[in-house]
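What Swiss-Prot says about this one:
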TRANSMEM  2-22  transmembrane segment
TRANSMEM  70-90  transmembrane segment
TRANSMEM  100-120  transmembrane segment
TRANSMEM  146-166  transmembrane segment
TRANSMEM  172-192  transmembrane segment
TRANSMEM  223-243  transmembrane segment
TRANSMEM  253-273  transmembrane segment
TRANSMEM  294-314  transmembrane segment
Amino acid sequence: MFIINTLMLVAPILLAMAFLTLVERKILGYMQLRKGPNIVGPYGLLQPFADAIKLFTKEPLRPSTSSVSMFIIAPILALTLALTMWIPLPMPYPLINMNLGVLFMLAMSSLAVYSILWSGWASNSKYALIGALRAVAQTISYEVTLAIILLSILLMNGSFTLSTLITTQEKLWLIFPSWPLAMMWFISTLAETNRAPFDLTEGESELVSGFNVEYAAGPFAMFFMAEYINIIMMNAFTTVLFLGTCYNPYLPELYTINFTIKTLLLTMSFLWIRASYPRFRYDQLMHLLWKSFLPLTLALCMWHVSLPIMTSSIPPQT
C-alpha cells in the first residue's frame, strides 16, 4: 500500500514538472512577443514528452577524465532528494506525518548541496567546478536565512509538525503578521533554487551552463527535473507556511484545490521574475544576504521570541 501511495505522490509531481517546463517556455515566449513551443501536439502541449523521449534515448556521454561513479551518482541523488522533500508536505495529508517535518526538509535541502558539488568535481572541468562552487556557496548562504525564518514561523506555530500550520492559520494567514519574513523567504527561495535573478551558477557568458556543463542525455535531464521539482516544492512549502488553507474534514478536496492554485500562482511569479529581472552580480548576491537579510531575520526572530515573554510572561511553545 505504501508503494502505491508513493507512486501516487511521485507521478503527479513528475507530470507537473514536465508541464512547468512548457509553461515557462510559453510565458517567456509571450513576454518576448513570440509564440514559444507550438509544433508538437496542439499548442505545443506534447513538447515535454518529446523532450523527455529525446533526452532519455540519447547516448549519455561523459568526459574521459571524469570520475565515473560520482559523475553518475550526482544527478540520481539530486532527483531523489528533490522527490524526497515532498514526503512531509500536508496536501492535506502528508505521505508520512513527521513530528519534525520542518527539520527533515531543511536536512534534505542541505544534502542537495552534495549532488551539485559532486557533479562539478566529478566532471573534471574548470567551468563545471566554478559553477558548482558558486552554487554551493549560494545555497549554503541562503539556507541560513531560510532556517531563521522557519524558526520564527515555528515559534508562532508552536510545533515542528507541518500539519499544525493548517490549524494555526485557520483565522489568519501568517503572511499578514510576518510579511517582512515572507518577502525575505520568497527571495531566499529564488536564490535557493538557483533561479533568475540569482542564477549565477549558469552565467552563460562566463560558465557556459554551470555545474552540469559536461552532462548530456539522461543525467542532464535528471538535473533539469530536480531543479523544476524543487521550484514547485519550494512554492508548495511557501503556501503551507504563509498562505495556510482552511481544512474541512468533510471536503478535503477543497483544501487540495486551494493549495494547488496558490502554489501555481507562486510558481508563475517565479517565471515572471525570470522574464523581468537581469542577473545579479556575485558580490551583490552575497551582500544582500549577509548584510541585509541575516541581521533583519535575526532581529525579527528575537522579536518573535521576546513577544510572548513580554505580553504573557510565557516562553515560546515549540
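Just so it is clear, glycine is given a Cβ too, placed from its N, Cα and C backbone atoms.
Sequence-distant contacts of the transmembrane segment (2-22) (same chain, six or more residues past either end, CB-CB distance under 8 Å): 37, 44-45, 47-49, 51-52, 83, 86-87, 95, 224-225, 228-229, 231-232, 267. Simply put, out of 70-90, 100-120, 253-273, 100-120 has the most Cβ pairs sitting under 8 Å from the transmembrane segment (146-166). For the transmembrane segment (294-314), the list of distant contacts is 144-145, 148-149, 151-152, 155-156, 178, 180-181, 184: same-chain residues at least six beyond its ends, Cβ to Cβ under 8 Å. The list of residues near the transmembrane segment (100-120) in space but at least 6 beyond its ends in sequence, with Cβ under 8 angstroms from a Cβ of it, reads 70-71, 73-75, 77-78, 81-82, 84-85, 87-89, 94, 128-133, 135-136, 139-140, 143, 146-147, 150, 154, 160-163, 192, 201, 211-212, 215, 223, 226, 230, 237. A Cβ distance under 8 Å defines the sequence-distant neighbours of the transmembrane segment (223-243), meaning residues of its chain 6+ beyond its ends; these are 13-14, 16-17, 20-21, 75, 78-79, 81-83, 85-86, 89-91, 105, 112, 115, 119, 150, 153, 162, 165, 169, 173-175, 178, 182, 185-186, 189, 192-195, 212, 215, 259, 262-263, 266-267, 270. Sequence-distant contacts of the transmembrane segment (253-273), counting only residues of its own chain at least 6 positions beyond either end whose CB sits under 8 Å from a CB of the stretch, comprise 20, 23-24, 27-28, 91-92, 166, 186, 190, 193, 195-197, 231-232, 235-236, 238-240, 243, 245-247.
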